[in-house]
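As written in Swiss-Prot, here are the features:
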BINDING   His161, Tyr196, Cys200, Met207  Cu cation A1 binding site
BINDING   Tyr196, Glu198, Cys200, His204  Cu cation A2 binding site
BINDING   Glu198  Mg(2+) binding site
MOD_RES   Tyr218  phosphotyrosine
TOPO_DOM  46-59  topological domain 'Mitochondrial matrix'
TRANSMEM  15-45  transmembrane segment
TRANSMEM  60-87  transmembrane segment
Amino acid sequence: MAYPFQLGLQDATSPIMEELLHFHDHTLMIVFLISSLVLYIISLMLTTKLTHTSTMDAQEVETVWTILPAIILILIALPSLRILYMMDEINNPSLTVKTMGHQWYWSYEYTDYEDLNFDSYMIPTQELKPGELRLLEVDNRVVLPMEMTVRMLISSEDVLHSWRVPSLGLKTDAIPGRLNQTTLMAMRPGLYYGQYSEICGSNHSFMPIVLEMVPLSYFETWSAVMV
(Lines of atoms letter the chains of each structure in order from A; the text may use other names.)
(Lines give C-alpha, C1' and ligand atoms only; values in the text may rest on other atoms or scores of the structure.)
Protein backbone atom coordinates (compact mmCIF):
# COMPACT_ATOMS: atom_id res chain seq x y z
CA MET A 1 0.00 0.00 0.00
CA ALA A 2 1.31 3.44 -0.88
CA TYR A 3 1.59 6.22 1.69
CA PRO A 4 1.87 10.03 1.41
CA PHE A 5 5.18 11.44 0.11
CA GLN A 6 6.43 7.94 -0.75
CA LEU A 7 9.55 7.99 -2.94
CA GLY A 8 10.09 4.28 -3.59
CA LEU A 9 7.95 1.59 -5.16
CA GLN A 10 5.11 -0.11 -3.33
CA ASP A 11 5.82 -3.28 -1.36
CA ALA A 12 5.76 -6.38 -3.54
CA THR A 13 2.90 -8.81 -3.03
CA SER A 14 3.48 -11.17 -5.95
CA PRO A 15 6.51 -13.10 -7.26
CA ILE A 16 6.47 -10.97 -10.44
CA MET A 17 6.66 -7.74 -8.47
CA GLU A 18 9.53 -9.16 -6.41
CA GLU A 19 11.42 -9.82 -9.64
CA LEU A 20 10.64 -6.33 -10.91
CA LEU A 21 11.99 -4.78 -7.71
CA HIS A 22 15.23 -6.76 -8.03
CA PHE A 23 15.54 -5.73 -11.68
CA HIS A 24 14.93 -2.09 -10.74
CA ASP A 25 17.72 -2.19 -8.15
CA HIS A 26 20.03 -4.01 -10.57
CA THR A 27 19.49 -1.45 -13.34
CA LEU A 28 19.69 1.51 -10.98
CA MET A 29 23.06 0.31 -9.68
CA ILE A 30 24.46 0.15 -13.23
CA VAL A 31 23.10 3.61 -14.06
CA PHE A 32 24.56 5.03 -10.83
CA LEU A 33 28.02 3.61 -11.56
CA ILE A 34 28.05 4.91 -15.14
CA SER A 35 26.81 8.34 -14.06
CA SER A 36 29.45 8.56 -11.33
CA LEU A 37 32.21 7.68 -13.80
CA VAL A 38 31.01 10.23 -16.36
CA LEU A 39 30.73 13.00 -13.74
CA TYR A 40 34.22 12.16 -12.47
CA ILE A 41 35.69 12.41 -15.98
CA ILE A 42 33.87 15.69 -16.64
CA SER A 43 35.14 17.17 -13.36
CA LEU A 44 38.71 16.19 -14.28
CA MET A 45 38.36 17.80 -17.70
CA LEU A 46 37.10 21.03 -16.15
CA THR A 47 39.64 21.26 -13.32
CA THR A 48 42.83 20.23 -15.14
CA LYS A 49 44.43 21.42 -18.36
CA LEU A 50 46.43 18.28 -18.98
CA THR A 51 45.93 16.49 -22.30
CA HIS A 52 46.74 12.83 -22.78
CA THR A 53 48.08 12.85 -26.31
CA SER A 54 48.59 9.10 -26.29
CA THR A 55 44.85 8.45 -25.91
CA MET A 56 43.64 10.87 -28.57
CA ASP A 57 43.90 8.19 -31.25
CA ALA A 58 44.32 4.92 -29.37
CA GLN A 59 42.85 1.79 -30.94
CA GLU A 60 42.73 0.04 -27.55
CA VAL A 61 40.53 2.77 -26.06
CA GLU A 62 38.19 2.63 -29.06
CA THR A 63 37.85 -1.12 -28.59
CA VAL A 64 37.15 -0.85 -24.86
CA TRP A 65 34.41 1.74 -25.09
CA THR A 66 32.75 -0.22 -27.87
CA ILE A 67 32.77 -3.60 -26.12
CA LEU A 68 32.03 -2.34 -22.60
CA PRO A 69 28.63 -0.73 -23.44
CA ALA A 70 27.64 -3.93 -25.27
CA ILE A 71 28.41 -5.99 -22.16
CA ILE A 72 26.44 -3.57 -19.98
CA LEU A 73 23.42 -3.77 -22.30
CA ILE A 74 23.56 -7.57 -22.17
CA LEU A 75 23.63 -7.47 -18.36
CA ILE A 76 20.46 -5.38 -18.46
CA ALA A 77 18.70 -7.28 -21.25
CA LEU A 78 19.06 -10.83 -19.90
CA PRO A 79 17.15 -10.36 -16.60
CA SER A 80 14.64 -8.16 -18.43
CA LEU A 81 13.85 -10.90 -20.97
CA ARG A 82 13.54 -13.45 -18.17
CA ILE A 83 10.92 -11.32 -16.40
CA LEU A 84 9.02 -10.72 -19.65
CA TYR A 85 8.73 -14.46 -20.24
CA MET A 86 7.61 -14.99 -16.64
CA MET A 87 4.87 -12.37 -17.05
CA ASP A 88 3.58 -13.99 -20.27
CA GLU A 89 3.62 -17.55 -18.95
CA ILE A 90 0.22 -18.92 -17.93
CA ASN A 91 0.06 -22.48 -16.61
CA ASN A 92 -3.20 -24.04 -15.39
CA PRO A 93 -4.87 -21.02 -13.75
CA SER A 94 -7.16 -21.86 -10.84
CA LEU A 95 -9.62 -19.09 -11.67
CA THR A 96 -10.42 -16.85 -14.63
CA VAL A 97 -11.91 -13.37 -14.34
CA LYS A 98 -13.01 -11.34 -17.36
CA THR A 99 -12.55 -7.58 -16.94
CA MET A 100 -14.24 -5.04 -19.22
CA GLY A 101 -13.46 -1.34 -19.22
CA HIS A 102 -16.22 1.22 -19.68
CA GLN A 103 -16.51 4.97 -19.48
CA TRP A 104 -16.14 5.30 -16.48
CA TYR A 105 -16.24 2.03 -14.54
CA TRP A 106 -15.07 -1.59 -14.63
CA SER A 107 -17.19 -4.72 -14.95
CA TYR A 108 -16.04 -8.17 -13.79
CA GLU A 109 -17.24 -11.65 -14.70
CA TYR A 110 -16.05 -14.84 -12.99
CA THR A 111 -16.19 -17.19 -15.96
CA ASP A 112 -15.91 -20.34 -13.83
CA TYR A 113 -19.32 -19.56 -12.29
CA GLU A 114 -22.68 -19.40 -14.04
CA ASP A 115 -23.90 -16.03 -12.81
CA LEU A 116 -21.17 -14.21 -10.91
CA ASN A 117 -20.61 -10.76 -12.37
CA PHE A 118 -20.88 -7.16 -11.23
CA ASP A 119 -19.93 -3.59 -12.03
CA SER A 120 -17.41 -1.65 -9.96
CA TYR A 121 -17.85 2.12 -9.60
CA MET A 122 -15.81 4.61 -7.63
CA ILE A 123 -17.45 5.76 -4.39
CA PRO A 124 -17.99 9.55 -4.49
CA THR A 125 -16.12 11.61 -1.92
CA GLN A 126 -19.30 12.68 -0.10
CA GLU A 127 -20.29 9.02 0.46
CA LEU A 128 -16.99 7.82 1.94
CA LYS A 129 -16.94 6.33 5.43
CA PRO A 130 -14.28 7.21 8.04
CA GLY A 131 -10.98 5.52 7.14
CA GLU A 132 -11.78 5.02 3.46
CA LEU A 133 -9.50 6.46 0.79
CA ARG A 134 -10.56 9.28 -1.49
CA LEU A 135 -10.71 8.42 -5.20
CA LEU A 136 -9.63 4.83 -4.47
CA GLU A 137 -12.65 3.09 -2.93
CA VAL A 138 -15.22 1.20 -5.03
CA ASP A 139 -18.69 -0.12 -4.34
CA ASN A 140 -17.79 -3.69 -5.39
CA ARG A 141 -14.33 -5.08 -4.73
CA VAL A 142 -12.78 -7.87 -6.78
CA VAL A 143 -12.47 -10.75 -4.30
CA LEU A 144 -9.84 -13.34 -5.25
CA PRO A 145 -8.16 -16.28 -3.48
CA MET A 146 -4.59 -15.72 -2.34
CA GLU A 147 -1.69 -18.06 -3.18
CA MET A 148 -3.50 -19.25 -6.31
CA THR A 149 -2.89 -18.42 -9.97
CA VAL A 150 -5.66 -16.20 -11.34
CA ARG A 151 -5.98 -15.36 -15.02
CA MET A 152 -7.37 -11.94 -15.91
CA LEU A 153 -8.92 -11.49 -19.37
CA ILE A 154 -9.05 -7.77 -20.10
CA SER A 155 -10.85 -5.86 -22.84
CA SER A 156 -12.92 -2.72 -23.40
CA GLU A 157 -16.45 -1.87 -24.51
CA ASP A 158 -15.68 1.60 -25.84
CA VAL A 159 -12.23 3.28 -25.78
CA LEU A 160 -8.70 2.37 -24.69
CA HIS A 161 -8.39 1.66 -20.97
CA SER A 162 -5.60 0.26 -18.79
CA TRP A 163 -5.93 -2.06 -15.77
CA ARG A 164 -3.11 -1.59 -13.25
CA VAL A 165 -2.32 -2.81 -9.72
CA PRO A 166 1.21 -1.68 -8.69
CA SER A 167 1.66 -3.99 -5.68
CA LEU A 168 1.16 -7.01 -7.93
CA GLY A 169 3.28 -5.66 -10.78
CA LEU A 170 0.32 -5.62 -13.18
CA LYS A 171 -0.50 -3.24 -16.02
CA THR A 172 -2.50 -4.48 -18.99
CA ASP A 173 -4.17 -2.43 -21.71
CA ALA A 174 -7.90 -2.87 -22.34
CA ILE A 175 -8.38 -2.50 -26.09
CA PRO A 176 -11.77 -2.62 -27.87
CA GLY A 177 -12.12 -5.75 -29.99
CA ARG A 178 -9.06 -7.39 -28.45
CA LEU A 179 -8.76 -9.72 -25.46
CA ASN A 180 -5.53 -9.36 -23.49
CA GLN A 181 -4.60 -11.62 -20.61
CA THR A 182 -2.35 -11.53 -17.58
CA THR A 183 -1.91 -13.58 -14.43
CA LEU A 184 -1.67 -12.63 -10.80
CA MET A 185 -0.89 -14.42 -7.56
CA ALA A 186 -0.84 -12.65 -4.21
CA MET A 187 1.34 -14.12 -1.49
CA ARG A 188 -0.56 -12.55 1.41
CA PRO A 189 -4.13 -11.36 2.10
CA GLY A 190 -5.13 -7.73 2.03
CA LEU A 191 -6.58 -4.88 -0.01
CA TYR A 192 -4.62 -3.82 -3.07
CA TYR A 193 -5.48 -0.60 -4.84
CA GLY A 194 -4.88 0.31 -8.43
CA GLN A 195 -5.64 3.39 -10.47
CA TYR A 196 -6.53 3.88 -14.06
CA SER A 197 -3.47 4.66 -16.18
CA GLU A 198 -4.72 5.61 -19.64
CA ILE A 199 -5.99 9.05 -20.66
CA CYS A 200 -9.31 8.22 -22.32
CA GLY A 201 -11.49 11.20 -21.46
CA SER A 202 -12.58 13.65 -18.79
CA ASN A 203 -13.24 11.06 -16.06
CA HIS A 204 -10.37 8.69 -16.74
CA SER A 205 -8.94 9.28 -13.25
CA PHE A 206 -12.15 8.10 -11.55
CA MET A 207 -11.88 4.39 -12.37
CA PRO A 208 -10.08 2.86 -9.36
CA ILE A 209 -9.41 -0.85 -8.94
CA VAL A 210 -9.59 -2.66 -5.60
CA LEU A 211 -8.54 -6.29 -5.18
CA GLU A 212 -9.39 -8.09 -1.96
CA MET A 213 -7.13 -11.12 -1.61
CA VAL A 214 -8.54 -13.64 0.87
CA PRO A 215 -7.98 -17.28 1.91
CA LEU A 216 -9.62 -19.90 -0.30
CA SER A 217 -12.23 -20.84 2.33
CA TYR A 218 -13.42 -17.23 2.59
CA PHE A 219 -13.52 -16.91 -1.20
CA GLU A 220 -15.69 -20.02 -1.51
CA THR A 221 -18.12 -18.60 1.06
CA TRP A 222 -18.21 -15.23 -0.71
CA SER A 223 -18.79 -16.78 -4.15
CA ALA A 224 -21.62 -18.95 -2.82
CA VAL A 225 -23.36 -15.87 -1.42
CA MET A 226 -22.84 -13.86 -4.62
CA VAL A 227 -24.19 -16.61 -6.87
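Just so it is clear, glycine is given a Cβ too, placed from its N, Cα and C backbone atoms.
A quick note: this is a predicted structure, and the numbers were derived from the prediction, not measured.
For the transmembrane segment (15-45), the list of distant contacts is 9, 72, 75-76, 79-80, 82-83, 86-87, 166-170, 184-185, 187: same-chain residues at least six beyond its ends, Cβ to Cβ under 8 Å. For Glu198 (Cu cation A2 binding site), the nearest of the recorded positions by C-alpha distance turns out to be His161; the candidates were His161, Met207, Tyr218. Sequence-distant contacts of the transmembrane segment (60-87) (same chain, at least 6 residues past either end, Cβ-Cβ under 8 Å): 15-16, 19-20, 22-23, 26-27, 30, 34, 169, 182-183. Under the DSSP three-state reduction, the residue listed as 'phosphotyrosine' is assigned to helix.
Cβ crowding, taken as the number of other Cβ atoms within 10 Å, peaks at His161 among the binding-site residues His161, His204. Just so you know, the Cβ of Glu198 (Cu cation A2 binding site) picks up 19 other Cβ atoms within 10 Å once every protein chain is counted.
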